[in-house]
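Sending over a structure as structure tokens; questions will come in a sec.
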Amino acid sequence: MFSIRMNKVLQGFVCLMLTHRIVGYPMDCKEDQDGTRCPSISLDKLLDRIIQHAELIYRVSEESCTLFEEMYIPSSIRAQLSRGGNACSTRSVPIQGRIQQISDKWLLHSTLVVIQSWTGPLQSLQITMDLYDNAPDGLLNKTKWMSTKLMNLEQGVTVLIRKMLNEDILVSDPSQNLTHFATQPNMVESVLTDYTLLTCFRKDAHRVETFLKLLKCRQSDRLSCFLY
């Protein structure tokens, strides 16, 4: 009985977090502006909120992959896909050799590149999954939530770049990437493509979380940053 109550409490907490907008300040916010539309926030608090947001996106991406697997991907197919190697690739993100050589600027811009590379594909995923006959509401809702919150995360990171690097960044237009992902030859191939997309997004969501936590570690002047 206790475990059932705890599960209900945790589910309620997750629902509250899913509906609460953690980040997403207007892109025209300036340091000297006041009011509720452009709240004053310190760099540390902004980074903390962005990290919380990234953590939640990664958690929901894991839940989405699990739901999708249980609904559409037999265990034998999963094993074959796992043996097939890594089908994921994020464009324009170079691989650095040693952690000490990665600059804060590289971390920030690479994080933004990864985020922007997924805004279009996630919106396309919504289009294809709406065509499924028996897609559970939980999976559809999580997919829509990730798409929306990823755009909020993009806004938060652009504000962070402005604060840390004094650079202005344009927010991407997800509609520019919709055509490439929206059409698949048949349902089976579409399901496999969507599953690959979800698993690749999960990996990149974890990458974004790791980059942001490394950045936070450096801001705190800790000696344990090599763990990232």
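In case you wondered, yes, glycine gets a Cβ from its N, Cα and C as well.
Quick paste of what Swiss-Prot says about this protein:
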DISULFID  Cys29-Cys38  disulfide bond
DISULFID  Cys88-Cys200  disulfide bond
DISULFID  Cys217-Cys225  disulfide bond
CARBOHYD  Asn141  N-linked glycosylation site
CARBOHYD  Asn177  N-linked glycosylation site
SIGNAL    1-24  signal peptide
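I'm curious about the neighbourhood of these features; can you describe it?
Long-range Cβ contacts of Cys200 (disulfide bond) within its own chain (separation 6+, distance under 8 Å): Ala87, Cys88.
Secondary structure from DSSP puts Cys217 (disulfide bond) in a helix.
Cβ neighbour count for Asn141 (N-linked glycosylation site): 13 (other Cβ atoms within 10 Å of its Cβ, all protein chains included).
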Counting across all protein chains shown, how many other Cβ atoms sit within 10 Å of the Cβ of Cys217 (disulfide bond)?
16
